[in-house]
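Notes to accompany the following structure.
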Amino acid sequence: MVLKVFFPSCCSLADSGILIGRWLSEQSSAVVLAVVHFPFIPVQVKQYLGEVQHMTKVSVSVLGSWSNSKQEKEEGLSEFLEDLGTIFSHEPWIQISKEGDSKFWSCSTLQKHSSSPKEEEVILVYYDQRKVMLSHLHPPLDTADGRAEDASKLSAIFDTVARSRVLFMTDRYDEGPIKLTHWQSEGVEASIIVELLKQASVPACMLLTFLLSLVSGICRSRVLKFWPLSFLRSKLSTCEQLGHRLQHLQVISSNKKAQTQTQLMRKANIFVSLLIDVALGILLMTWLYRKNRIGHLADTLIPVADHVAEELQDLLQWLMGAPAGLKMNRALDQVLGRFFLYHIHLWISYIHLMSPFIEMILWYVGLSACLGLTVALCILSDIIALLTFHIYCFYVYGARLYCLKIYGLSSLWRLFRGKKWNVLRQRVDSCSYDLDQLFIGTLLFTILLFLLPTTALYYLVFTLLRLLVVIVQGLIHLLVDLIDSLPLYSLILRLCRSYRLAAGVKFRVLEQQDGKPLRLLMQINPLSYGAVVQTYRLPTYSCYPKDSWASLCKKLFLGKLIYPWKHKGEKQD
């Protein structure tokens with residue numbers, strides 16, 4: 001039988017004493033947590049361990065003895081250490097001894113209460129107590145080949161060290177009767193700045209909670225649920241992003257303590273994401289208000305809008321002629337061209353009517369960047385949607401007209417085959433038609449078929465223009481989702497303190513000597529950056545359509561409307 005002893009490397013220089021820790025019988029492993037120095041009173045040690053066990057819910061006990069003979073070996077020390085096994089009855093009793101500065105230790109076990117004691121092979125595993133306590137062991141993504149069982153064994157060791165935090169809060173400056181050696185025995189790690197922030201966070205969270213309750217109460221008022229305010233809230237991405245950030249602020253300011261490591265990391269990721277978002281927004285705002293860039297942007301916006309309108313007029317004039325040598329239906333071509341030209345004329349008039357107020361609008365829009373870069377990007381997306389509203393109208397008109405002709409042709413094609421669509425049963429049934437119905441159907445089918453190329457060309461051109469706007473808005477929302485969902489705190493933690501996010505451990509074999517136990521060094525394997533993003537990725541408010549390329553091509557062929565994204569609760573057309 002092999003006995004594994006996990007020994008903290010920080011205790012290798014500790015004075016002689018007894019080893020306290022936890023015995024894992026199902027793994028035949030002993031996790032050493034600290035060394036109690038001589039002199040001590042056994043009753044006080046048992047009382048202290050009972051208090052620790054009551055607070056941590058970890059079965060901490062005396063595992064054995066530790067002998068560090070820095071000079072010549074003291075006579076009678078080994079007998080005294082063996083006698084301690086009768087006071088602290090633990091099976092097996094582990095004896096570890098170190099002679100001088102030698103790195104090869106002696107390790108043996110005693111089983112006094114066993115009828116047939118057997119010599120057990122001992123493996124000495126060194127581990128960094130500080131890293132193991134501060135790290136969080138993540139379960140493997142691939143649970144095949146017995147990895148889940150190995151992870152559960154490792155998690156028991158990590159959990160033992162993490163839950164024994166109370167044991168590590170005593171250092172050499174405490175005036176208690178028991179002196180311990182562990183990773184904080186030289187002094188408890190603390191920061192005055194962190195403690196001050198903890199004290200100041202309580203009233204700040206209370207004030208923030210009160211303000212958020214007022215804002216959320218206003219947002220839930222009945223006035224905002226009436227049309228058209230409810231319609232605008234569902235369509236404007238700025239409102240969705242503000243609601244999303246409001247939920248994040250409510251999570252951060254909550255007085256409820258995080259129960260698990262995942263909840264704690266989620267709060268930290270949200271806080272860092274908000275902090276960086278606001279910092280980037282303030283940088284953008286300072287850049288906009290320097291050297292009158294708002295005025296230059298407003299002066300550039302009107303000429304750009306006029307140039308786009310002129311290009312659309314030239315495109316329509318090209319379509320009203322013989323585009324690419326195609327022969328179109330002249331009457332329908334002229335009607336559609338003049339209809340869209342009139343819309344462009346209305347759009348130019350609307351832009352010039354709003355031109356005196358554009359600089360003031362942009363000035364107030366620039367102030368919204370203090371709420372975060374994502375809010376500014378969402379406002380930019382909404383402005384693009386408003387400035388390209390005429391292109392969206394062209395796309396809707398062309399799509400509806402094209403869709404009407406496609407459905408008309410499909411219905412008349414069923415008429416030729418003696419079929420019809422059963423609305424109640426949602427299937428195609430046989431049907432007999434008389435001569436007049438077939439004659440009228442033939443005329444309508446011929447008219448729609450010869451008018452289809454003209455309609456399809458307008459639909460194709462305006463669909464490409466619409467897709468260009470959709471791609472620009474999609475890139476903006478992709479950047480917003482990236483800022484919202486990226487776990488920045490976890491990535492920074494992975495970069496600076498990779499041991500905090502443990503994916504597993506690896507054991508390195510140290511130098512060996514005959515007659516001495518096998519020595520291993522346990523090292524922490526950090527999570528990969530991809531696994532960090534996959535594990536701690538934050539949810540976003542917008543959900544992009546999951547349609548395949550075949551489904552998108554089918555929608556384009558049938559003339560169905562395609563949106564760049566859809567919000568929660570909104571059905572895709």
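Cβ atoms are placed via backbone N, Cα and C, with glycine included.
Curation plays no part in TrEMBL annotations; they are all automatic predictions.
Straight from TrEMBL, the features:
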| type | residues | note |
| --- | --- | --- |
| TRANSMEM | 200-219 | transmembrane segment |
| TRANSMEM | 270-289 | transmembrane segment |
| TRANSMEM | 335-354 | transmembrane segment |
| TRANSMEM | 361-388 | transmembrane segment |
| TRANSMEM | 394-416 | transmembrane segment |
| TRANSMEM | 437-461 | transmembrane segment |
| TRANSMEM | 467-492 | transmembrane segment |
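Long-range neighbours of the transmembrane segment (394-416) within the same chain, counting only residues 6 or more positions beyond its ends whose Cβ lies under 8 Å from a Cβ of the stretch, are 339-340, 343, 428, 433, 437-438, 441-442, 444-445, 448-449, 451-452, 455-456, 458-459, 461-463, 465-466, 557-561. Sequence-distant neighbours of the transmembrane segment (467-492) (same chain, 6+ residues past either end, Cβ-Cβ under 8 Å): 237, 241, 244, 265, 268-269, 271-273, 276-277, 280, 373-374, 377-378, 380-381, 384-385, 388, 391-392, 501, 529, 532-533, 535-542, 544, 562-565. Proximity of distant same-chain residues to the transmembrane segment (437-461), defined by a Cβ-Cβ separation under 8 Å and at least 6 residues beyond the stretch ends, is recorded for 315, 319, 323, 326, 328-329, 332-333, 336, 340, 398-399, 401-402, 405, 408-409, 412-413, 415-416, 559.
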